[in-house]
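A quick write-up on the structure given underneath.
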């Protein structure tokens with residue numbers, strides 16, 4: 001399979017984004033004559049993140065891009081030669097130069113699907129040496145993407161469907177790649193937009209942003225714009241000096257608010273006028289550079305009303321400090337009173353945007369009934385996942401040469417499930433998930449209405465379940481290196497995530513002390529586990 005041009009260049013994973021022991025194992029396999037043994041690995045996690053009962057599968061598109069472009073360049077091989085033993089057979093490095101993923105097959109949970117412990121997010125099969133080399137980069141691509149998508153989904157559940165969520169954590173992210181990944185998968189998880197321009201260009205994430213305090217403080221009030229005139233929104237009639245018009249309105253606003261006309265900061269007003277001249281149809285004011293009540297709010301109202309006289313409507317205001325909930329409620333009261341006073345009904349519904357180190361607890365307060373907040377900007381708490389910085393994904397060998405393999409350990413949680421498997425979601429009559437079931441790939445596909453004997457984790461006896469619907473979970477994504485079907489767009493995966501979460505029961509969806517979702521084994525898979533634990537051959 002020829003290497004494909006990577007449209008995102010350095011933003012993508014590369015073959016040497018890996019741990020050295022993958023290369024040392026590759027040499028060991030090659031030296032043992034096992035490089036081309038047929039093998040299968042599964043990528044999964046053992047516990048749902050953040051103490052919850054669900055995760056979202058993400059990162060598949062990045063994995064596909066990586067696999068289709070996988071080739072070791074001469075420089076890669078030369079570097080490996082420099083860190084492997086100097087007496088390594090040169091034929092091994094020639095073997096590396098010829099590697100690609102043309103014999104690799106991948107089955108996967110679609111991006112945006114609900115994922116649960118032990119259920120593979122990816123099944124990767126192909127020559128042993130190649131699929132071993134894929135372990136670290138695939139974990140890197142899937143684990144953080146799934147973690148941040150799940151984190152974003154939790155924040156969306158707290159915010160509810162009406163609040164707009166803006167991801168604005170690029171400057172807080174763990175490096176450029178972390179920032180791009182966070183912006184991409186916070187959108188998949190339910191955020192509405194991102195401040196990250198590169199995520200918009202490369203991934204199609206809707207972008208949003210206005211102005212910072214530096215823009216406001218850069219103005220003193222003495223500046224004269226080169227063209228202070230603004231034409232009416234309808235395009236007819238002479239232009240108007242917006243700064244002069246805002247000054248006229250300021251006197252009326254200050255009288256209405258009981259302020260002296262000298263109290264609002266002139267530099268802040270000049271900044272608002274400059275921004276309004278640049279964005280007359282998208283004017284927003286940042287209110288808390290000096291004083292929300294004595295400066296930011298009256299200056300915003302003066303400029304907004306001047307724009308309104310020309311047929312434009314201000315979009316919103318932003319708060320970045322203080323008691324955000326209380327300020328938003330008070331600002332909304334001012335907007336309603338000003339709308340009535342100046343007979344501009346649209347002013348009542350101007351958006352109120354808030355930001356300032358918002359975490360789950362603060363978000364719950366801002367989302368409560370009676371909050372007047374419309375848009376919530378979240379940075380650090382979404383991109384860094386402070387409650388749990390790692391998903392804990394693993395990539396484990398389950399079969400070699402068609403024979404099952406199992407990791408046996410004294411820690412039952414770290415035992416792996418052997419063999420090539422199929423995964424199914426068992427659904428109730430209302431379409432809500434009841435449990436996921438893993439079975440051996442060669443077993444018959446379970447049918448809706450069929451009574452199934454299954455083994456819950458750690459159970460001493462099987463139980464029975466009769467699903468109303470059965471949903472296969474793993475889709476054939478790559479077969480012998482070829483894409484089997486077009487991947488969904490990011491927006492489509494986002495829609496799937498929202499639909500999947502809406503179908504999950506409230507007991508499993510709640511964020512504190514949720515009911516744990518069961519992943520069960522078929523009788524044949526449980527029997528295989530028991531035989532291998534007893535030291536018997538499969």
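From the backbone N, Cα and C atoms, a Cβ is placed for every residue, glycine too.
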Quick one: which of 210, 217, 409, 416 does Swiss-Prot put in the nicotinate site with 21, 318?
210
According to DSSP, folded down to helix, strand and coil, what is residue 318 (nicotinate binding site)?
strand
Compute all pairwise C-alpha distances among 21, 210, 318, the residues listed as binding nicotinate, and give the largest one in whole angstrom.
50
So if I draw a 10 Å sphere around the Cβ of residue 213 (phosphohistidine), how many other Cβ atoms end up inside it?
14
Using DSSP and collapsing to three states, where does residue 210 (nicotinate binding site) fall: helix, strand or coil?
coil
DSSP three-state call for residue 21 (nicotinate binding site): helix, strand or coil?
helix
